[in-house]
Ligand SMILES: NC(=O)c1ccc[n+]([C@@H]2O[C@H](COP(=O)([O-])OP(=O)(O)OC[C@H]3O[C@@H](n4cnc5c(N)ncnc54)[C@H](O)[C@@H]3O)[C@@H](O)[C@H]2O)c1
């Protein structure tokens, strides 16, 4: 099952729809994350080339993928051993390996980088690949903490560059944070979102230059996406905004008042002027309306961002 995105390209008339087919995926780095991403991409019918610095590492990566798929099959196909065996064969057939990243990206629709967390090394890698990959190829980094803009700056395809932040272990974790920089085109961003869905993941959008939701909740993500990220990425039973609504803003205010009295210089416990301006009764009325109006959510949002 190849991943197909239909979209309207900028500059074309609205009726001119172009399709981007992400069928061939190159994953650079066959470690913990790269092998996991390779496994889910191969399981969903993509042709995957996994790249690392030596054949020995790649052998271990493939062995790891095989073991991981076998565990999935044991759990999911206990009653259907033939279907399970079919999946194992399909995944292994869909994964090839290479120690030559330049060669691997030549037929690639998407390159996902999951190498060592070092800006210079990632920039050097992408600068090289930029000269060798086809023009349509989208580049994505799985970086946890680096600026995707900074990584992309070594290439000439800023519009076709974004972040795909998977979580560990990749086959188990549903969340993918899709990161767009200020230069990432809408088409690229949408393609990365769609690709993540085809992998069976739940993507959340994070259109910022420097941060990733789960690492820094202060990014420009919607409150709904922050809630999803904290649930699927950090294993919280509820997201912070959902929880605030559930606990009640009045109770949260009392808790914060207490902490603030105990530790007045700690900015984490600073008073919320917004809540302080209102009488508790009003806060409770807003809470009661939370499912019919957005207002209560906005109050919570402002309070937590203060
Ligand atoms: N480990 C996690 O929980 C986690 C979660 C999300 C994101 N990440 C990010 O994913 C990336 C990879 O993390 P990991 O835990 O898989 O690391 P890892 O050390 O397990 O794997 C990295 C792999 O990249 C290979 N490599 C290094 N330089 C290379 C190069 N120039 N070309 C080809 N291969 C190269 C290494 O040999 C190694 O096999 C990092 O950016 C990390 O921040 C990690």
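Cβ from N, Cα, C; glycine included.
What TrEMBL says about this one:
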- 68, 75, 144: CoA binding site (BINDING)
- 24-207: domain '3-hydroxyacyl-CoA dehydrogenase NAD binding' (DOMAIN)
- 220-277: domain '3-hydroxyacyl-CoA dehydrogenase C-terminal' (DOMAIN)
- 165: site 'Important for catalytic activity' (SITE)
Integer Å distance between the CA atoms belonging to residue 68 (CoA binding site) and residue 165 (site 'Important for catalytic activity'): 20
Secondary structure composition of the domain '3-hydroxyacyl-CoA dehydrogenase C-terminal' (220-277) [DSSP: H/G/I, E/B, coil]: 39 helix, 0 strand, 19 coil
Winner by Cβ contact number (other Cβ atoms within 10 Å) across the binding-site residues 68, 144: 68
Entries of 68, 75, 144 (binding-site residues) sitting next to ligand 1, with Cβ under 6 Å as the cut-off: 144
Overall pLDDT for the domain '3-hydroxyacyl-CoA dehydrogenase C-terminal' (220-277), taken as the rounded mean: 78
Least Cβ-crowded entry, counting other Cβ within 10 Å, from the recorded positions listed as 75, 165: 75
Mapped DSSP class for residue 144 (CoA binding site), helix or strand or coil: coil
Pairwise Cα distance maximum in Å, CoA-binding residues per record: 68, 75, 144: 30
